[in-house]
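> Just passing along the structure, written as structure tokens.
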Amino acid sequence: MAAVDSCFHLVGFLYVLILTFSMQQGVAAARSFTIDYDKNTFLKDGQPFQYVSGSIHYSRVPYYYWQDRLQKMYAGGLNAIQTYVTWNTHNQEPGVFDFTGQNDIEHFLKLANDVGLAVILRLGPYVCGEWEYGGFPAWIIRKNASIITRSSDPGFIAPVDQWLSVLLPRIKPLLYVNGGPIIMVQVENEYGSYFACDYDYLRYLREKVLKYLGNDVVLFTTDGDGEGYLKCGTLESLYSTVDFGPGFNVSNVFAPMRKWEPKGPLVNSEYYTGWLDHWGSPHSHTPSATVTQYLDDLLGYGANVNMYMYEGGTNFGFMNGVNYPSFSPVPTSYDYDSPLTEAGDITEKYMDIRAVIAKHMKVPQVPIPPNTPKYAYGRVNMMLMSTVPNLLDKLTHHGPFVTRYPLTMEQVYQNYGFIYYRHVVKLDWHNAVLDVSAVRDRGYVLINSVPQGVVIRESSQTKLTITALTGQYLDILVENQGRINYGSGINNNTKGLIANVTINGLILKDWFIYPLNVSEKVLNNLDSAVQSKQSSPPKYSGVSQYITPSLFVGQIQMPNKTGFPQDTYLRTDGWFKGQAYVNGFNLGRYWPSAGPQLTLYVPKGALRPYPATNTLVLLELEYAPCSQTRNKIEVDYCFVEFVTTPVINATTVSLERREEWNRAGGFNWHDQH
């Protein structure tokens with residue numbers, strides 16, 4: 001009898017298990033996201049659906065803050081988010097793929113699903129986004145710098161094919177029909193703004209995506225709001241959408257889209273809540289009233305809207321992009337004047353947008369998560385560790401390469417950062433003209449470690465008058481300031497010295513090339529014996545206001561309290577240009593002499609709790625405000641400060657005012673409010 005009961009219970013358990021599984025399968029089968037062309041709407045599970053979305057780039061937000069930001073977006077009234085997939089963060093070397101930590105896109109998408117947000121995935125492979133090389137990994141031009149990206153060029157298609165073959169199988173389980181959050185997938189990005197107009201390339205991408213994702217997800221394109229953009233950016237079976245910012249007449253702004261999509265939902269895939277910045281230009285600002293006025297119009301007109309950006313985030317490390325022509329690097333901050341700040345804080349614009357959304361649809365009645373706490377760690381005294389020339393062997397992860405003529409950064413297997421070229425002078429030169437027109441992007445010229453000046457790409461400042469004697473070292477430290485991310489200039493993205501260097505027209509031959517690696521491992525292993533324990537930098541030469549590029553080090557005092565570390569901002573007034581590292585984490589570029597950004601965002605994850613040591617390292621390229629005479633008084637001014645308030649909107653200084661700044665003993669910054 002007991003055996004019969006056991007069998008009965010086993011059969012019952014199996015029946016319940018099968019029934020449950022069948023019900024789950026039925027639920028999954030019921031999930032759908034489609035377009036109803038006749039009713040001009042999206043259908044989610046068969047019901048009309050209007051999305052109000054916001055852009056957030058997982059690559060620009062520390063992964064331990066993803067959930068906080070997504071919850072704030074949900075609480076702000078959004079029912080969807082939009083994000084780019086950044087190929088170059090996942091595939092930094094050929095055949096090597098990373099989907100962990102900051103690159104764990106699957107975790108990011110699952111978090112969005114858990115929070116209750118649908119996802120509009122912008123797959124690329126090109127993303128633009130003011131991101132390094134538009135998202136392409138630098139190694140694709142290592143062997144062939146002449147490939148035409150975003151085209152059917154076999155040299156481009158081969159790495160794209162390999163990348164998508166790895167990425168797309170990871171994406172499929174996260175489609176909405178499979179229980180995930182992804183309702184739409186973008187193919188390419190604003191292709192109508194590119195010169196190639198290669199429909200075969202677009203067809204290849206479409207077929208590749210369909211092969212792996214199938215027909216159960218809406219595939220779409222995004223282009224500027226003009227017929228000229230849509231002509232080359234669209235393709236049959238890809239739903240055409242447009243992008244534009246405030247300032248339109250809602251009754252006719254969608255006319256270009258309607259020419260390509262006579263029926264179907266209206267979509268603005270990038271409604272601009274602010275705008276991007278460039279070094280040396282004023283901070284961009286779009287008033288909240290302007291953003292909300294036109295958002296109200298769009299939602300009232302029944303349009304689907306994605307706000308670009310909702311949180312801009314940060315270009316940590318070397319990942320800022322560059323606009324072109326007129327080579328214009330984007331700062332480290334990608335705040336974008338968004339509803340959520342670079343650090344994810346609530347703004348007036350956030351609350352105003354939330355109120356507008358509430359006029360048109362139900363806003364979740366959930367608490368808005370609080371801002372993350374910030375702490376002012378105060379002043380940190382900076383000591384000179386050593387000059388870059390003195391540390392070449394320690395900073396070079398492979399090399400030096402010994403070559404007849406200069407090689408590019410890509411050719412010596414370096415993707416980002418700094419590269420050092422050395423030539424041993426073979427003839428005496430007096431007041432000779434050094435021509436470094438081939439510099440990409442900014443070169444610091446030294447003779448036996450003494451600075452001679454700076455050469456800058458595509459400017460009148462590519463030649464210097466120098467005196468160099470036989471046997472001396474002629475060195476050029478080159479900074480890669482980021483690769484062009486937009487337009488046809490994206491096909492001119494090799495870095496370092498891309499051609500020969502001459503003196504009085506004579507080509508210089510025989511070079512030692514040092515790819516520099518200022519990473520956490522290298523910084524932690526620098527021998528303390530190299531530290532000079534000085535507060536003043538190397539002396540200026542008689543012909544230059546520049547210092548020898550140098551590393552400075554300081555210690556951050558961490559409170560012995562619970563709840564620490566906390567976020568903070570590094571303020572670099574008085575310093576000129578360089579790279580900042582906290583505990584080896586690359587915060588990004590600082591350039592207060594150009595502005596408008598004066599502070600670098602330091603997320604708490606870069607810091608260590610008490611009693612661990614927290615070390616700040618600055619690689620200063622041009623000028624360090626250390627011990628010097630000011631108004632006949634010797635002062636020690638070699639410090640930085642950690643503060644609670646960001647400054648990304650400072651009045652900018654033209655780079656030509658450098659000497660005036662030096663003569664005056666410093667520039668008094670005035671924040672714009």
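Every residue, even glycine, has its Cβ placed from backbone N, Cα and C.
Just so you know, TrEMBL annotations are computer predictions that nobody has curated.
Below are the features listed in TrEMBL for this protein:
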ACT_SITE  Glu190  active site, proton donor
ACT_SITE  Glu270  active site, nucleophile
DOMAIN    41-359  domain 'Glycoside hydrolase 35 catalytic'
DOMAIN    406-517  domain 'Beta-galactosidase 1-like first all-beta'
DOMAIN    551-609  domain 'Beta-galactosidase galactose-binding'
SIGNAL    1-29  signal peptide
> Could you tally the C-beta atoms, other than its own, that fall within 10 angstroms of the C-beta of Glu270 (active site, nucleophile)?
23
> List the residues of the same chain that sit at least 6 positions away from Glu190 (active site, proton donor) in sequence and have their Cβ under 8 Å from its Cβ, in sequence order, or write 'none'.
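In sequence order, Cys128, Thr222, Asp223, Gly224, Tyr229, Gly233, Asp243 meet the Cβ cut-off.
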> DSSP three-state call for Glu270 (active site, nucleophile): helix, strand or coil?
strand
> Per-residue pLDDT averaged over the domain 'Glycoside hydrolase 35 catalytic' (41-359) comes to what?
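Its mean pLDDT is 98.
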> Reported in the order helix, strand, coil, what are the DSSP residue counts of the domain 'Beta-galactosidase galactose-binding' (551-609)?
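Computed counts for the domain 'Beta-galactosidase galactose-binding' (551-609) are 3 helix, 26 strand, 30 coil.
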> With DSSP as the reference, give the number of residues of the domain 'Beta-galactosidase 1-like first all-beta' (406-517) in helix, strand and coil.
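Looking at the domain 'Beta-galactosidase 1-like first all-beta' (406-517) with DSSP, the answer is 7 helix, 56 strand, 49 coil.
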